[in-house]
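Mind looking over this structure? Questions follow.
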Amino acid sequence: MAGKGRPRGPAAPFPLAPRRRARLAVAAMTRSDPPRPVLIAGPTASGKSELALRIAKRDGGVVINADAAQVYDCWRVLTARPSPEDLARAPHRLYGHVPGATRYSVGDWLRDLAPLLAATDRRPIIIGGTGLYLTALTAGLTEIPPIPAELRARSQALIDAGDLAALRADLAREDPETHGRLDLANPVRVQRAWEVLRATGRGLADWHRAQTRPLLNPDTCVRLVLDPDKNILNNRIEQRFHLMIEQGALAEVADFAALGLDPALPAARVLGAPDLLAHLDGALSLEAAIASAVTQTRQFAKRQRSWFRGRMGGWARIDPLGADPLPTVPLT
């Protein structure tokens, strides 16, 4: 009866059968959240690959490329693709998987990436200097109709004639919104904006307002922009290009030239390739070709940094060449 005898404590838990304990453990594992993706942006030569490898080794992750030049199978040295030693340290995806004759777009990259994200139980570490890839990943992408071949030939003829200014002028007059957002020093971006305007009658800025659902919610990701000191980065760019020469960049360019591909293809425009090709053709000394390539790479890095500042305001900035950046990346 109540009130008699010594008060009772809480009842001891009923012991679970071993099989039920195992089922509950599996259910708990199933309910656990997947590891947070790590997104690493940064200018060329800023140390993205090394940081990604360290995170992958620590967390059991997979390194996924988000650089528009490193997708091509014909370039390893000149685009600083991971070395065989790096590939052995951690799984890598979307490096060197596209033939040089292919025009590969950000939409193609997203389509290749989607099944990788769905299938892997490893922590995705997505790295690259192509800001458009990373923003499309977290903000969505506009599905723009294909550009007719004759229109592409028209735009390419203007560029080949050195008349990129005509494309810029058309954009400034007819699509000032896109013109104001564009990297006007990048002929690929200017050409694309001009072609879309001519083919569809709508500017890129207008198209971008009707974006698809992003593959990743940015709030679920660790988002980092590597932001090293400018002078240190410029020195690293020069040192790395000389190392590329030592590692066989000239032979790589000669092999690419032997393919006889259209020089207007994106793969033919990777940094350093036109300069080294001019040297192989006898138009430039090796010293002049290297100097030109280094200058253009530094200018490209400057544009990358401006792009990251303007478009990635919510991303954490870290100096990869200062204090060790690895502890700033959470484990989950």
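Quick reminder: no glycine exception, Cβ is built from N, Cα and C everywhere.
Please treat TrEMBL annotations as automatic predictions, because they have not gone through curation.
Below are the features listed in TrEMBL for this protein:
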type: BINDING; residues: G42, P43, T44, A45, S46, G47, K48, S49; note: ATP binding site
type: BINDING; residues: T44, A45, S46, G47, K48, S49; note: substrate binding site
type: SITE; residues: T130; note: site 'Interaction with substrate tRNA'
type: SITE; residues: R152; note: site 'Interaction with substrate tRNA'
For T130 (site 'Interaction with substrate tRNA'), which of these binding-site residues sit within 10 Å, Cα to Cα: G42, P43, A45, S46, G47, S49?
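Within 10 Å Cα-Cα: G42, P43.
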Looking only at Cβ atoms, how many others are within 10 Å of the one on K48 (ATP binding site)?
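For K48 (ATP binding site), the 10 Å Cβ neighbour count is 25.
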Which residues, same chain and not among G42, P43, T44, A45, S46, G47, K48, S49, have a CB within 8 angstroms of the centroid of the CB atoms at the recorded ATP site?
G129, L226, P228, P320
Specify the count of other C-beta atoms within 10 Å of the C-beta of T44 (ATP binding site).
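I count 21 other Cβ atoms within 10 Å of it.
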Of the binding-site residues listed here (P43, A45, S46, G47, K48), which is spatially closest to R152 (site 'Interaction with substrate tRNA') when Cα positions are compared?
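If we rank P43, A45, S46, G47, K48 by Cα distance to R152 (site 'Interaction with substrate tRNA'), first place goes to P43.
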Can you list, in sequence order, the residues of the same chain other than T44, A45, S46, G47, K48, S49 whose CB lies within 8 Å of the CB centroid of the substrate site?
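Apart from the listed residues, the neighbours are G42, P43, E50, A80, G129, L226, P320.
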Using DSSP and three states only, what is G42 (ATP binding site)?
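Note: G42 (ATP binding site) is coil by DSSP, not helix or strand.
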Relative to the Cβ position of T130 (site 'Interaction with substrate tRNA'), how many further Cβ atoms are located within 10 Å?
20
Within 10 Å of the Cβ of G42 (ATP binding site), how many other Cβ atoms can you find? Include all protein chains, please.
27
Per residue, counting other C-beta atoms within 10 angstroms of the C-beta, which of the recorded positions P43, G47, S49, R152 reaches the highest number?
P43
